[in-house]
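Structure first, commentary second.
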Amino acid sequence: MSRSLVGSVAATLVMVLAAGCGGSSGADGKVELSLGLFSDFGYDKLIEEYMASHPNIKIEQRKVKMEQHNTQLATQLAGGRGAADIVALEEGVVSQFRASKDKFVNLAEYGAKDLKDQWAGWKWNQGTADGGEFVLGLGTDMGSLGLCYRRDLFEAAGLPTDRKEVAKLWPSWADYAKVADQFTARTPNVKFVDTGRNVYKAILDQTEEGYFAKDDSYIAEKNDKVKTAFDTAAALGTKGQTGALEPFSQEWNVALKQGSFATTTCPAWALALIKAGAGDAAAGKWDVTTAPGGGGNWGGSFLAIPKQSKHPKEAYELAKWLTAPEQQKRIFKETGNLPSQPKVYQDAEVQATVNEYFNKAPVGQIFATSAESLKPTYRGTKDSKVGPVFGTALTRVEQGKQSAAEAWAQALKEAQDAAK
Amino acid sequence: MTAVRTETEVAPAASVPSSGRSKRFRLNHWDAKYTPYLIVAPFFVVFAIFGLYPLVYTAWVSLHDWQLIDGNQGFVGVDNYVRLFADANFWNALFNTISLFVLSTVPQLLAALGLAALLDRGLRGRAFWRAGVLLPNVISVAAVALVFAQFFGRDFGIVNFLLGLVGIDPVDWRAETWASHLAVSTMVMWRWTGYNALLYLAAMQSVPKDMYESATLDGASRWRMFWSITVPSIRPTILFTVVTSTIGGLQLFAEPALFDPGFAANNSTGGSDRQFQTLVLYMYEKGFRLFDAGYAATVAWMLFLVVVLVAIVNFSLTRRIAGKG
């Protein structure tokens, strides 16, 4: 009896240990590919079609929140296993992952360089390293900038509501601030903008160099553009014209529903978030127009293949297909994610697209125009570490905890540490 | 077991004659001696793999410049620790951790004690109440945090609405240090008070009833009986809850993380000025947002030492206090 007990204890242990290591090859001889994504890439239907036309391939999508996606990917790359065969890299963190490019497949090995001309030049460059020799990822969408505003709240404040008229109100961000003053003077109980942080980010996304110069040296403290952007946003905060909301948070959603702010910065992908937050009751109340200061880019992603993938060739074929112009066009029509390929966004059908929810705004045309004129910001390797420091600084101003000058001084100090 | 023991006792006389019997005896002897170890072994094996090994490995990582993705960048000795001691954000996180721990644990254990005393009396529908107090603990922490984060909303939160009814200005719960600590502690208390109350209740039920009877005959009040009989009798359980709450409280992560709306946007610092950033949140920021695994490992080790230290202090303190009764 005791011997069998010893045996069973040992057997249990072996089982416990063995359970940790599962197999990964397909049972039916199919090549199994996984896609690691966040939010909505609009791939559901496309993947079904791809599997139908490639019977030997089975595709699994893993969708998590973006924050989780980035940390998960980092640990999977560090651990050498567990990452999906194709992973999405968001524009804000792509430079961070580019610094660890030896963990990724150089897509040039599979002929990615031949595809170069599909994308806007800047988008292609963001996804490559070593002067274009190393292709880290193929571009998906982009976040061309617009500005969203509530027609009813503008009307109540005696401002024009037509999107062309509204665009004329704010050629520059200084003009935008003046409109904010008028708005607040007439309707003091409504906030003019949701958060100073997004205003700051939008202004910065319209400059070619932000925290880092193109040689990746840290320049935040001597770059006047960073300071100007910060001061413009902080002034709105000091005057209480912002809702002091964490962008895209639960409270932001509630505020959307309550209609407690009148404008917000709108990269193409934000339309879906606004619609989801404000709900059907606000249909037709929101509208989109040109952002002050011209075009800019915020967000957009790339598809990359970690070196640990067992089927890099098949993964590459899939990524290439998903990012091809025909598919990009379909995704735009279904989700509104703006393609980063000039041929697609200049396409007549794309240009003619209107968004019913946003008072039938011609979003195709607005975002494509913004895309044409945009000057993409150079993202330094440590951009994603430095950026949030200035965001929290603006929150401190909005919360009334610090003056703009104090917040700026503290942010510079923290940013310097983060940039080390 | 008894069979084994008797055989062991008679063994000296019986072991000489037959070799067959001695073999069996030796087996039995071996059995009696080692089986208990074998039975507890799985725990220690699992602990060694999932507890001890990470602990030692973390110490090793903390002595290196270690980037999360790129791995080891070279040995730096105690540099990370030197940096840590000069790091104002570390001390701020330590202060927040201890403040949150005290704010949540002390009222929580006192409330649990009171709740247990109430449940110990003959209530109608006893099973219902007893199961009910455990409910908050069963609900996922994410759900609890989500609901509480809305309660404590600045613009449209219920708490501010209620405060407004009695003429108090709305509080920006995430901007002020004390307010944020209060809010996060409330969340922790909500989750753990019932759990501890049930532990106390179980202990109270094993207190002999005749002690209460004789105390009643002596004319002792309920209050007096509670502090002079109940509390000293359940001392071991109180010690246990104090130690477990210390460990749990100092490792606070999910509640403050989910209370911070920035957490979802991956720029969580536990408030705009680290108002409620705990040590674990700071470790997370360093390791998983800034990818500085070496420094995060250093924070983890300091946290480990703090937990050990505070647990020892609390253990001896409570033993002394509870011993007075």
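A Cβ is built for glycine as well, from the same backbone N, Cα and C atoms used for every other residue.
Segment annotation: TrEMBL labels transmembrane segment over residues B:234-254 (candidates B:66-86, B:234-254). Tallying C-beta pairs under 8 angstroms between the transmembrane segment (B:178-202) and each of B:34-56, B:93-119, B:131-152, B:234-254, B:293-317 places B:93-119 first. Counting same-chain residues at least six beyond the ends of the transmembrane segment (B:293-317), those with a Cβ under 8 angstroms from any Cβ of the stretch are 55, 58-59, 61-68, 76, 80-81, 83-84, 90, 93-94, 97-98, 101, 239, 242-243, 246-247, 250-251, 279-280, 282-284, 286-287.
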